[in-house]
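Following: one structure in structure tokens, then a few remarks.
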Amino acid sequence: MQFSKMHGLGNDFMVVDAVTQNVFFSPELIRRLADRHLGVGFDQLLVIEPPYDPELDFHYRIFNADGSEVAQCGNGARCFARFVRLKGLTNKRDIRVSTANGRMVLTVTDDDLVRVNMGEPNFEPSAVPFRANKAEKTYIMRAAEQTILCGVVSIGNPHCVIQVDDVDTAAVETLGPVLESHERFPERANIGFMQVVKREHIRLRVYERGAGETQACGSGACAAVAVGIQQGLLAEEVRVELPGGRLDIAWKGPGHPLYMTGPAVHVYDGFIHL
């Protein structure tokens, strides 16, 4: 099986063309391939498939390193767009795709950045899903013997965002896994730790569902900005500084889609016997 290794700000992917290859990935095989000592090593596996709708260009599936399938991955979307152009599967700059979450339009810019229409953030608890009696801008949670204030939102996948004074000293490794599997998140959640530098700039670390802390999380950056705007902390255009680099997020508020712009890097091509 041929594959490519790619990354978006250090969030790394094994990308497989299932348009021209017949492939099947069991959870066990994905876990083996994801192992950084015994396999290829990656945060997520991206599988490119033919479209199910003639109006679309592709369908793609996203699997975490633990073998679980997820509906959305912002960094993966950008790598997907670069991959299909690099491999000659399309020469379009505006690429229409479907995922388990719905449809997206990805735009490759003249400077080889990728702009992704991530859709409108959904703050309804049932959409996240999150156990709450009603939608609030801020929720109070108990975890690890602490009282935590957070915002929750769906960006096609579940996110919890906590504001911290300094991301460098935030309890990502201890609080992240506790909140990820908290009983109020029946499908688990991605946990973002956000430091507001100013209204147009935040720093962010994300403990990803099924992957742990990663160098960058595109949907996590979108979630942090959406929650920050909802809570009146941020402007409509925000620079997000992650351990792996920078993303630019823009959202005009309710009734409008959120846009993410950032890089996608092709590292190498490989071949593996399954």
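Glycine is treated like the rest: Cβ placed from N, Cα and C.
Residues or ranges marked as active site, proton donor in Swiss-Prot: Cys73. For Cys217, the entry in Swiss-Prot reads active site, proton acceptor, with the evidence type sequence analysis. Annotation source Swiss-Prot lists substrate binding site at Asn11, Gln44, Asn64, Gly74, Asn75, Asn157, Asn190, Glu208, Arg209, Gly218, Ser219. Annotation comment: Swiss-Prot describes Tyr268 as site 'Important for dimerization', evidence class sequence analysis.
Annotated features, which come from Swiss-Prot, shown on the structure.
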residue: Asn11; record: substrate binding site; DSSP class: strand
residue: Asn64; record: substrate binding site; DSSP class: strand
residue: Cys73; record: active site, proton donor; DSSP class: coil
residue: Asn190; record: substrate binding site; DSSP class: strand
residue: Arg209; record: substrate binding site; DSSP class: coil
residue: Cys217; record: active site, proton acceptor; DSSP class: coil
residue: Tyr268; record: site 'Important for dimerization'; DSSP class: strand
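Cα of Asn75 (substrate binding site) to Cα of Tyr268 (site 'Important for dimerization'): a distance of 17 Å.
Summarising the environment of Arg209 (substrate binding site), the number of other Cβ atoms within 10 Å of its Cβ, over all protein chains shown, is 25. Neighbour density around each Cβ, counted as other Cβ atoms within 10 Å, peaks among the binding-site residues Asn190, Ser219 at Ser219. Taking every protein chain shown into account, Asn11, Asn64, Asn75 are the binding-site residues, and of these the Cβ with the most other Cβ atoms within 10 Å belongs to Asn75. Other residues of the same chain near the substrate site, with their Cβ within 8 Å of the Cβ centroid of Asn11, Gln44, Asn64, Gly74, Asn75, Asn157, Asn190, Glu208, Arg209, Gly218, Ser219, are Asp43, Ile62, Val70, Gln72, Cys73, Gly76, Val206, Ala211, Thr214, Cys217, Gly220. Of all residue pairs in Asn11, Gln44, Asn64, Gly74, Asn75, Asn157, Asn190, Glu208, Arg209, Gly218, Ser219, the annotated binders of substrate, the farthest apart have Cα atoms separated by 17 Å. Rounded to a whole value, the Cα-Cα separation of Asn64 (substrate binding site) and Cys73 (active site, proton donor) is 10 Å. Rounded to the nearest whole angstrom, the C-alpha distance between Arg209 (substrate binding site) and the residue listed as 'active site, proton acceptor' is 11.
With respect to Cβ neighbours within 10 Å, the active-site residues Cys73, Cys217 differ, and Cys73 shows the lowest count. Long-range Cβ neighbours of Tyr268 (site 'Important for dimerization') (same chain, at least 6 residues apart, Cβ-Cβ under 8 Å): Ser4, Lys5. Cα to Cα, Asn190 (substrate binding site) and Cys217 (active site, proton acceptor) are separated by 9 Å.
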